[in-house]
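Inspection log for the structure reproduced underneath, given as structure tokens.
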Amino acid sequence: MVADQAVLSSWRSVVGSLEDDARVSARLMGFVYLAQPQGLIGNTLLLAVPNETTRETLQGTQVADALTDALTQEFREEILLAISIDANLQPPRTPSSEARRSSLAGGPSGAAAPDVELPPAATAATSRRAVAEELPGFRIEPPADVVPAANAAPNGNGKPTPAPPSTSAETSRLNDRYHFETFVIGSSNRFAHAAANAVAEAPAKAYNPLFIYGESGLGKTHLLHAIGHYARRLYPGLRVRYVNSEEFTNDFINSIRHDEGASFKQVYRNVDILLIDDIQFLADKEATVEEFFHTFNTLYNNNKQVVITSDLPPKQLSGFEDRLRSRFEWGLITDIQPPDLETRIAILRKKAEAEGLVAPPEALEYIASRISTNIRELEGALIRVTAFASLNRQTVDIELAEHVLKDLITDETAHEITPELILHATGEYFNLTLEELTSKSRTRTLVTARQIAMYLLRELTEMSLPKIGQVLGGRDHTTVIHADRKIRELMAERRTIYNQVTELTNEIKRKQRGA
């Protein structure tokens, strides 16, 4: 795919804007210059880069925010990015790029260019597959260039035989934020953590399948990704694939629509570890459940590991046939309970360290004592408290935390916060109709309202990312991730955004209590 002249011209304008952006240093611009536009599909710009380091740099917060702002200004609408790797990518030979390279090299003076350390690049086939997976509705390509799973299958000693490193990182869908090292262990999750660790060290030998259940926001998804990362670190040739049940359903439907059933089977049945999240959402989807049943059987019979999460244990799952529920019980079933006070404090401490948030131990203890059931809401409370302190140039202490959280603590006897409640309250607050809120329009007010709604749906409900995108006009889950991150950051930078989120949350809580 080659970008047309209009897209190339727009990209040059975006690069020019970034050169004047204080957030993007000369070193970071060195990575920007390596990117080349491949085309614009809908509101998604396809960029190709020569290696993983460049892609990770462009996706980092510092560059991504500046890039998103520049793209929005250039195209006058919110533009998403899909960045792929192309090992054969050649730098564009244009006067402007030559001038930039000359500038980076110091021009006539011959000064040194920015010190950019680049690793070996991935293959072009990996690039095509990465683009296909990052764009909604794209057909699934079989990972033909990856080392066969059989090469990494567990041997007779119960350990997989290490295979040559593969390029399966792009197909695994693993989130780099979730590792065992960042998982806080407590009495409520110790056994689940130990089981997950054992599965990663000996796939299909320790517990197969491993079934982890518990309420939303307690760390089940974190453990799934951690299993994948640890297993791939131990056995580089291992094929791992993470998928939530809604993505599995969408991939299955697309395979039928495009008559690519064989490709779908190759993607999901030719792996060493399948990590499937929120299996309960497959309930009553007969054709999809049937396909998963056969996928499970194929993997299990070929001595491949399956790890499943759910909000309920197998026996309590409705909408599944007994033959599938019984298979969930073949291995190990373990649960995760809400964390105790000590674990909640440890979670907040680790979150504060990771995000660079300043909060004394007594403030962390106060927050942990007030929110006891949901880790996502617990971390959200910490972000609100520290954001309020930053905006008002105050020090975080118990009194400040108490003031910020006084209207946010949920009464356990109150009604459940539903998506409808959040969307209705958001529409009222911003004087928008539900149709406008879920439309494709991207005026500034609508974009802000929509992003705040996504943030609140993420924080106050148990909805998955794809489901949140679905109720807001069928948007991709990556849009939800971007909105959640954007609002978190803006709350600490802009008083208007902080006030809007706080006032809207208070109104939702008030309606929840029936006040």
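Cβ coordinates are placed from backbone N, Cα and C, and glycine is handled just like the others.
Annotation source Swiss-Prot lists ATP binding site at GLY217, GLY219, LYS220, THR221, citing sequence analysis. Taken from Swiss-Prot, the feature compositional bias 'Low complexity' covers 102-114, 143-160. Residues or ranges marked as region 'Domain I, interacts with DnaA modulators' by Swiss-Prot: 1-89. The annotation region 'Domain II' is assigned in Swiss-Prot to 89-172. Sequence annotations record features per position, and here Swiss-Prot assigns region 'Disordered' to 90-130, 142-171. The region 'Domain III, AAA+ region' annotation in Swiss-Prot covers 173-389. The region 'Domain IV, binds dsDNA' feature in Swiss-Prot is assigned to 390-515.
All protein chains shown were included, and the count of other CB atoms within 10 Å of the CB of THR221 (ATP binding site) stands at 21. For the binding-site residues listed here (GLY217, GLY219), the lowest count of other CB atoms within 10 A around the CB belongs to GLY217.
Broken down by DSSP into helix, strand and coil, the region 'Domain IV, binds dsDNA' (390-515) contains 85 helix, 0 strand, 41 coil. Excluding the listed site residues GLY217, GLY219, LYS220, THR221, the same chain places GLY214, SER216, LEU218, HIS222, LEU223, THR309, ILE336, ILE375 with Cβ atoms within 8 Å of the centre of the ATP site Cβ atoms. Remark: LYS220 (ATP binding site) has ALA192, ILE212, TYR213, GLY214, ASP277, THR309, ILE336 as non-local neighbours, by Cβ distance under 8 Å and separation of at least 6 in sequence. Mean pLDDT for the region 'Domain III, AAA+ region' (173-389) in this predicted model: 88. Classification of LYS220 (ATP binding site) by DSSP places it within a helix.
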